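Taking it in order: structure first as structure tokens, then the write-up.
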């Protein structure tokens, strides 16, 4: 008889558990209805229970049947997070690279959250003070959104957090004292509008790049020196501000070129350049602000790669021409409009004059122009500047439209266009500078003694980052179908943390399609030989070639057809006799002959227990390079496939997600 009183509570608990599980399913169903406008989840999210029906991206607790993980990255989801507020057992939320909007406030009800990845969305509003309720938080990534307001001091209450990424937002106010967060291993607040003092220890721990793009921040070198001034909002308190008055937060979109002034302690060569600049200013005033500081010689010799010049566009001996040309059509804009940088951020970063006087190191030349590393006189600002060739005549209005397309795209795996300068004879694009070079140099550079091989973990992490960047481009322009147009290993760059970013987006729009396709070389899709057109499907093909390049270690040029095994003695004769094929055809032929192991880069074969992952990646690459465009996967599908390839890494505890950092022993950080 004693068992009967116990039966009722057990039944009540069972009923409660079923009810809560059903509530989770209802919440996810509402989330899909509110956000899945493209129907990406409709075919899989069927059945009455999210857990027992194995819904895509949903993981549940085996015991309670409650939802514990929701991972739906890069699915073009658009809408608010409101319906997720009832998922109180949720531990991991990964919705990066979608188009989600609204605020993050609903998540403060999810008290068990540990890992939150919401980068690359359209979230706005403020970071709520109630975020401190998430006591178990380990990684928080809200980067590349439109979040405003101050960083709440309550965030310092996180005791287990390892990572906080809130860069590329619109955050304002005083920066909190992050030195109080002893567990914090990674912090990035760059490119916001924060002000205040950053302690020496914090700068050393997280690096100065984690605070760049905030003109109001000050502290130890390379940040501006802090000075104490009277707070304009309160006469009773002092305010710490940078000693440089131009560093006080403000938000102009574009800045006019100031008068050139002298600097104490400048070298004689720079003094001469400044004097020349003053003469140029007089010419500008007289002739409608035609270019300030001279130009590099277009027809004569240019500085070799790696040389350093005093002045970014100064010192050339080539013919100088008026911005109005010789009897040609003049620009419709006023002279003053031609003398300014146009920024895509809400605050001024530097003046055109600063850029023109910066020391410049040529990084390389391409079909569109020359790329320089420019270090401004303040010593703390380094950017990459591309000078477009004159072979790209583009009306101002059309050029500005292209720049708007490129500049409005924000994503952690796409190189950010910070500003541009337009004049009829001079076009400059200013990008963030990435110090670790390109994937091409890592794969093919220094193949001799002393080379540090690029390990498998790094390769798959870099390809996943590149795939996410390209998927974001395709999703952002899914209606207009704007492609990248030039996917290749030299356009996959690495930042200081070893994260891959896609470069050169949109610049193919400035070229004639025939010329744009010609520069693709071995990355060109087969249909582009007949139909001279750039497309997103052709991008997928190029990405597939890139995958094969990473797997084989071979550049996408021509290779002997492996019609039979070749001995060392017969190599020379056979190379003359055998037909040559491109990289995808070469890989297919080797696989067809069942010599799959010969496909892979010998540097990879020394690693154990990765054969399945390499073969899986090979299948993804081959799926991307099928000759028929309509049979190729979308980049969103490619991202999913790459994410499913598991790489053995060194976890640090139950909730440590090492895959969010691409850095590996084969990738050393440099300042380039």
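These residue numbers are counts, starting from 1, taken along the chain as shown.
In case you wondered, yes, glycine gets a Cβ from its N, Cα and C as well.
What Swiss-Prot says about this one:
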- 1-21: signal peptide (SIGNAL)
- 87-110: repeat 'LRR 1' (REPEAT)
- 112-134: repeat 'LRR 2' (REPEAT)
- 135-158: repeat 'LRR 3' (REPEAT)
- 160-181: repeat 'LRR 4' (REPEAT)
- 182-205: repeat 'LRR 5' (REPEAT)
- 233-254: region 'Disordered' (REGION)
- 233-249: compositional bias 'Polar residues' (COMPBIAS)
- 300-333: region 'Disordered' (REGION)
- 357-645: domain 'Protein kinase' (DOMAIN)
- 363, 364, 365, 366, 367, 368, 369, 370, 371, 386: ATP binding site (BINDING)
- 650-672: region 'Disordered' (REGION)
- 661-672: compositional bias 'Polar residues' (COMPBIAS)
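Features recorded in Swiss-Prot, as mapped to the structure shown.
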residue : record           : CB count, 10 Å
363     : ATP binding site : 18
365     : ATP binding site : 13
367     : ATP binding site : 15
369     : ATP binding site : 20
371     : ATP binding site : 21
The repeat 'LRR 2' (112-134): DSSP-derived helix, strand, coil residue counts: 5 helix, 4 strand, 14 coil
Remaining residues near the recorded ATP site, that is with C-beta within 8 Å of the centroid of the site residues 363, 364, 365, 366, 367, 368, 369, 370, 371, 386: 387
Arithmetic mean of per-residue pLDDT over the repeat 'LRR 2' (112-134): 93
